């Protein structure tokens, strides 16, 4: 295998290695895929404003998330069905996250169980939760996560319906026999209807409670003592409401473009959300992060940390646990270099003054 020098190269390699149906499931987004492109392009409109002649002989990227110390502000977002990428699936991902001393978020659409991932080894892990019609199932999942030592619930709020991912329809996406949705283990997966071209999506969507609303977050807090991070927010209004309903944190996300197309890039909405949160809760962010420079820009605009998704899946597909370790290492190295060249020796030293946004440039021009 050729030397991989950045995480984007893993995606290109995975495109040639994975079955088309699997690659498209991971890579292709909703409808016109405008948001997918914008998630990446928005970073190119944010420029650096470095500070020079600073002693950067020692760079400290460590930080604390909900009281847990991690080595860097880069964490693993919840993504589905890792065994489609590699036989060890989420177990390999969990080991790589632990080796990097960072947080892994296990998807409730995982191909390994909550307990199996816990047994993969030590590490700080969060559990992503969708709200299903069967509240007993939801409560059981939470109890299992608590018993297994997961440290927080990541509640997905932007997917009451699944986005229309046309590639899955064309490919008639279904699960191979050796991969299953572990949260549905014991249920009749023969119920998955293959006739509509996207059997998995149709079956899982049918289990999601489309009536779920803000008041149900209060119910969730009655069945768990774990902090609840609300994932899928991109506006100040929803940030305010989430905090009012007791969210322990916000994870800004547009689902990587997989849900509603023509959403703005999360990085473009970050300052609005951070201003509304006003330090009351941490604001994390995902969607489109592919470089350490992207991470730096988010931190400069007020994010408390960044979650990555697809780079994990594609690096896992190419080289298993070692691939995910390498992807995390490359992002860490890129962030370290960016911090040093910007004059920052710790995450806390990264400030708004280190970047210039498109809005900044417009304001400057208007004063001329």
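Numbering starts at 1 and runs along the chain as displayed.
Glycine residues also receive a Cβ, built from the backbone N, Cα and C atoms like all the rest.
These features come from Swiss-Prot:
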ACT_SITE  255  active site, proton acceptor
BINDING   78-80, 107, 128-130, 156, 231, 253, 286-290, 309-310  FMN binding site
BINDING   165, 255, 258  glyoxylate binding site
DOMAIN    1-360  domain 'FMN hydroxy acid dehydrogenase'
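Of 165, 255, 258, all annotated as recorded positions, the residue with the shortest Cα distance to residue 288 (FMN binding site) is 255. Taking the recorded positions 165, 255, 258 in turn and counting surrounding C-beta atoms within 10 angstroms, the largest count is reached at 258. Among the recorded positions listed (165, 255, 258), 255 has its Cα nearest to the Cα of residue 309 (FMN binding site). Secondary structure at residue 165 (glyoxylate binding site), taken from DSSP and collapsed to helix, strand or coil, is coil.
Across the structure, residue 253 (FMN binding site) and residue 165 (glyoxylate binding site) are spaced 17 Å apart at their Cα atoms. Of the candidate recorded positions, 165, 255, 258, the one lying closest to residue 107 (FMN binding site) when CA atoms are compared is 255. Same-chain neighbours of the glyoxylate site beyond 165, 255, 258, judged by a C-beta within 8 angstroms of the site's C-beta center, are, in sequence order, 29, 30, 162, 163, 256, 257, 259. Between the alpha carbons (Cα) of residue 78 (FMN binding site) and residue 255 (active site, proton acceptor) lies a span of roughly 10 Å. Cα separation, residue 130 (FMN binding site) to residue 165 (glyoxylate binding site), rounded: 19 Å. Taking each Cβ in turn and tallying the other Cβ atoms within 10 Å, the top scorer among the binding-site residues 107, 130, 253 is 253. A 10 Å cutoff on Cβ-Cβ distances gives residue 309 (FMN binding site) a total of 23 other Cβ atoms nearby, all chains included. For the pair residue 165 (glyoxylate binding site) and residue 255 (active site, proton acceptor), the C-alpha distance works out to 12 angstrom. Mean pLDDT, taken over the domain 'FMN hydroxy acid dehydrogenase' (1-360), works out to 92 on the 0 to 100 scale. Our reading of the glyoxylate binding annotation (165, 255, 258) yields a largest Cα to Cα distance of 12 angstrom.
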